[in-house]
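Trainee: Here's a structure for you.
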Amino acid sequence: MKMSAADQAKRKISGGGPLPPGKCRVCCSCLHRWGAEGSCCCAVCVRDLRVRVRVEDFCCSGGEREREREREREERERERERGTVSKPTPPHLPASPPAQSGPGAAATAAAQHGWILYLIRVAAARSSQCGLCPGRRSDHTPELEPLEVPLDPKVLEGLPQPPTITLQSPKDYIFDPRENIVIHCEAKGKPHPSFSWTRNGTHFDIEKDSKVTMKPNSGTLVIDISGEKAEAYEGTYQCTAHNSHGTAVSNNIVIRQSRSPLWSKEKDKKIVVQLGISLVLQCRPPAGLPPPIIMWMDNNFQRLQLNPRVSQALNGDLYFSNVLLSDTRTDYICYARFPHTQTIQQKQPISVTVLENSPVGERKPAFMMPSGPASTKMVLKGETLELECIAEGLPTPNILWQKDGGELSKTVSFQNFNKTLKISDVTEADGGNYRCIANNNLGSANHIIKVTVKAAPYWISAPRNLILAPNETGILTCRVNGEPKPKISWFVNGVPLENVPEDRRRKVEDDTVILSNVQTGSSAVYQCNASNEFGYVLANAFVNVLAEPPRVLTPSNRIYQVITNNHALLDCASFGSPIPTITWFKDNQISIKNGDAYVLHENGTLEIHVAQPHNSGKYTCIATNNLGRKENHVFLEVKEPTRILKQPEYKVVQRGMKAVFECKVKHDPSLVPTMTWLKDSAALPDDNRFVEGTESLTIKDVVDEDMGTYTCHMNTTLDHDSASAMLTVVEATPTPPIVYERPDPPTDLEMTGQKERSVELTWTPGDEHNSPTQKFIIQYEDNLHRPAVLALNNVGYSDPSQPSRQYRTNPAAPDENPTNVQGEGTEPGNLVISWTQLTGFQSNGPGLVYSVQWRQKDIEEEWSTKTVANVSQFVVSGTPTYVPYEIRVQAINDYGSAPEPELVIGYSGEDVPLTAPDSVQIMVHNSTLAEVHWEPVSTPSVRGKLHGYKVYYHRERGLHDSEEEVQPKQEQFLMFSGNRSEGRLPGLQPYSLYNLYIKVLNSKGEGPASTSKTFETPEGVPGPPSYLKVVDPSLDSLTLEWGPPRDNNGRLAGYTLKYQPVNTTSELGPIKEMTFLPNETTIILNKLNSSMLYKFYLSAKTIKGSGPEVSEEAFTVMDTTHTQAPVVTGKGPTVPPHPTTPITQAPPPTLHKAPPLGPAFGTVNKSVSEEGVVISWEYFGHHKNVYVEYIVENSKEDWKKELVNGSHSHMLKGLKPGSTYRVRVVARDPAVTMVHSTEEVEVTVPAVASRQVDIATQGWFIGLMCAIALLILVLLIVCFIKRNKGGKYPVKEKEDAHQDPEIQPMREDDGTFGEYSDTEDHKPLKGSRTPSNGTVRRDESDDSLVDYGEGGDGQFNEDGSFIGQYSGKKEKDTHEGNESSEAPSPVNAMNSFV
């Protein structure tokens, strides 16, 4: 059965099959069912798909065609009113795609491969006459088929294609004069098209205009308008794309410049109104392109508050339903913002004054706009309808809206306090009479607005590209609508159809072009232009005549995955001209036909209604036309569905407890599942209390916020399943301690699904008793299948459940053989074969025995066999020693044998090795390492598994020892695993004689020893001297004694002694070195410093070098007479006297640092200062920790101490005045137990602090004295002036006579000089400025010391005259200048509101 192009196109988009019967209503009234294949117009059904192919034009009479068109128009109108989708999904297809991996649906394939539907091709009818339309020939009867061409460049390569416009600028293009004009025009085609432009209907030669450029490989124009008048480029532009196969044209693009004209000059407008009257403030902004956005604001750029009483109309005017006194203001300003240029224009402010001398009283509503009882409004379909009613009245009226004869649209919205009704995307159904009603408590008013909906042309079905094979027939349809009805004009390659040469194969009937018997080379681009008074629509559609062999576009070996019981779609997208025929095969042999299981769609897609596992396999599609054949292979995998076996359960949990939701899932093992938990359909809170397990969700420490619905979603790549449960959180109530017990036994144990070798069990878990069940254990008898189930929790196992009913399977031969088969000899001459026996369940029947078989490996002999029962081992005797055997054990019962057993290699028993290693050789590398080599024994002589070789060796004696001094031998050995022939012996003692031999080792034991070999090690460095000690110390000498090394490791060559002094800060002095003969073991070191610590290092040496050192420390004797130094109070340090008897101390041998040999401290001094008590001392020791300790006299408290390392004096601060302290200096060393201390010193802190405050040194006192001195100086100056005034010294006359500018008085306010005036004259000074109020104020006597003291400019001239401005008291100007009140600068506040 042939499908229509539209139907096939629909199928390619949705991935479905053909439409069901009973849905066709196209061929006038002559068809209401599917016709037979090959019939005339009855072969197709395109009505329900809204593809307006006028099939009835070719098979029905003219009257029938017109009636059918009228019926279609009426039905479209009804569908728009109902809001019906123009392309409904066929009833038998699901609303959403099935669960399928890969582009199983054709829509997915189309999206992924970017295919485009090039359009409907028409083939000649198979029958010569339309059977349902008598008298009509079938020459024009179309057989419609779709053809899709991929956009893949590899496929398009070599395929010619006429131009197609892919991008163009909008029809109305308003440009910003500050930016370049860019007019887009992009097209594709093969070969790539060239571009040209027209402007205002004539050719636009861009080569002659340097400001205009065209982008490479594009038709896009870029016009540089910088420095040019932008108006010069306004006009109507149209782009043309041309190649050798046709010409495509763009829309007419009207280019206009955006404009923001200035507001016309206006006089300031002042409005005076009475209280309560209505008022309109007109804005009347300049007409801009596009129109401006209007706002009312004040001088401060604050937006005026709008309300039901005060509102802004759509034209920008400001309406007052009634005015209030608060409406009085002088700055009602209308602003116009032009969005394209981002400029703002301002109207002159309007002043409104509201008077209340004759207020207007209350009144019923009346409309301010629109005027009259009725008005009209025309709106275009698809645009936005805005109706406005503004009423005046007192009180302020309310506005309501109604539609006469119907309800308001569901998309209606109300704005501006219900004064504006707005409907977006207007349809014909929005036409009618709209009534706005204004009412208040005094009455109401009505106004009717009659809305008429017109329509610019719009597409019902635009013409689509056609790809035809030679000699085929095709049609182009241009179905449009509009109000008034649009006029349709056809063009070919941009030329009106009436102006092109006549072609008898082309026929035009209003909105349809019929192309019959097309030929190669007749490709062209057709344009359909539909226009009316409100606009136009233009569409390009090419007709491409191609002859191409088939190509399969679906990738080969693609794998499709679906879930069982879902439908599967296998793609076979193809391309060819003529359209290829698609056939399918399964597993390369089964031809697939249309039937219950399979559906073959015309687009090549194979659909399986209900996929089952047996549908999995390899599928082959073959595309064939008269030019060739192409095949492709795809694979289908049918997967098990994902199911939740155990759903989460409703939980009631106390606050602070734990909640656990289980979600056990079964899914196809080849799919990777992902479990996601949701709370109230959202993601879980980001809280570590929520723990997601593999099949569970645990919520710890539950809180009230955790209450809600929890859902587990199990997702795979193909499907998903989900289940939910509620969690209720309750108050924690005191409860008795939780008792944990064993779980109750499971109940309702049932046996289902019995098969030959399996059975299914189901049961109901028992009470867990507060301890979750960990697992279930199934118990059953081997032969009598009557299972029971136990539950296990943390406490223990439950009792077994009641057993299920008995089920016995039929006996059979064993399915498996014993496991863990091994062969290993325990004694020489035997082979023990062992295995793990089968259980009764594994035996599959009675009479179980084991057939034990063995034979020696690599020897041609028959198998030895022994049948045994109820044992797990068998011993073979009389075997050769340690030879390999092939072993197998097979299970047999009364019903047959198990499968062929696996072969196992075992070995007979071992014996001790027979021979010893030979050719033993020794290589000595150095004094401590030797290498031994030997000849390995033969494999047969090992007589077992070779473990390795053991090298035994021992030291006979040192080479410097006599044979009588031989020490007891301590034998050692080293094990070398494996079949080795050499090894190394480390850790040998130098200059020694060694003996060694070698044995071979197997699992049974050691073989005989090889011939003993001796070897000598060379000399090495000696060990350390056995001891080093210091004896008989004196003031300037020390005696050292030492012993020879315990290990000479060769012939001793002597000793090396190094020593150096160490001062009290542990710094080391220069090293001195001495050497001694081997027989020297003592030395006296003279000329040493007294009371000095020395460090000694001693080592022995051979010809190989010196060995490790031993070290020691010791002091020379201190020159003193007492062990405790006397304390001299208040004096400096003194040299300690020499002792009468030398005192020496040798450090213990284990320590490397000696304590001091004599008193560690000398004289201790004390002094009291303002800051504290200073203690100083002499110290001769080397102890690390020295402290000053002190305690209050007769106190029982502990001594307080302060660490003073590296110092010989210390200050004690914070002592209590009037108290006496005992102070001492102590030296401690953690390495020894001895403590050195000075005698205690008594220190008395004075009761009254000795520091007296010297007032003469205090800053405040000095400042006070300076102020007093300055005051005295001022008094002296004043007295001097008083004595010289009053005519005694005519200063004024003298100065007037000289007029010396240098002695002119200086003005205080401007720094210029004026004249003196007599202090008794209260006139203002000449040349000086009076205060701003024009008065001179004198509140106190001229002789006020304050007045003179504040005058800082007075000075004496050479003649003794006092020169300075001498006038009344300098007054303080209390009048500060008026601050300028600067108006705020204007702010572009419009952008914040728009």
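Just so it is clear, glycine is given a Cβ too, placed from its N, Cα and C backbone atoms.
According to TrEMBL, the protein has these features:
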- 66-84: compositional bias 'Basic and acidic residues' (COMPBIAS)
- 66-106: region 'Disordered' (REGION)
- 88-97: compositional bias 'Pro residues' (COMPBIAS)
- 163-250: domain 'Ig-like' (DOMAIN)
- 261-351: domain 'Ig-like' (DOMAIN)
- 365-452: domain 'Ig-like' (DOMAIN)
- 457-544: domain 'Ig-like' (DOMAIN)
- 550-637: domain 'Ig-like' (DOMAIN)
- 641-728: domain 'Ig-like' (DOMAIN)
- 796-824: region 'Disordered' (REGION)
- 796-809: compositional bias 'Polar residues' (COMPBIAS)
- 817-911: domain 'Fibronectin type-III' (DOMAIN)
- 916-1020: domain 'Fibronectin type-III' (DOMAIN)
- 1024-1120: domain 'Fibronectin type-III' (DOMAIN)
- 1155-1248: domain 'Fibronectin type-III' (DOMAIN)
- 1260-1281: transmembrane segment (TRANSMEM)
- 1290-1310: compositional bias 'Basic and acidic residues' (COMPBIAS)
- 1290-1394: region 'Disordered' (REGION)
- 1368-1378: compositional bias 'Basic and acidic residues' (COMPBIAS)
- 1380-1394: compositional bias 'Polar residues' (COMPBIAS)
Trainee: Taking DSSP states H, G and I as helix and E and B as strand, how many residues of the region 'Disordered' (796-824) are helix, strand and coil?
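Mentor: Helix, strand, coil within the region 'Disordered' (796-824): 0 helix, 8 strand, 21 coil.
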Trainee: Please figure out which one of 261-351, 641-728, 916-1020 racks up the most CB pairs under 8 Å against the domain 'Ig-like' (163-250).
Mentor: 261-351
Trainee: Given pairs 6 or more apart, does the domain 'Ig-like' (365-452) have at least three Cβ pairs under 8 Å with the domain 'Ig-like' (550-637)?
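Mentor: Since fewer than 3 Cβ pairs under 8 Å link them, the domain 'Ig-like' (365-452) and the domain 'Ig-like' (550-637) do not come into contact.
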Trainee: Residue counts in helix (H, G, I), strand (E, B) and coil for the domain 'Ig-like' (641-728), per DSSP?
Mentor: 3 helix, 47 strand, 38 coil
Trainee: Within the domain 'Fibronectin type-III' (1024-1120), how many residues are helix, strand or coil going by DSSP?
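Mentor: Breakdown, helix to coil: 0 helix, 52 strand, 45 coil.
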Trainee: Over the domain 'Ig-like' (261-351), what does the predicted model average in pLDDT?
Mentor: 89
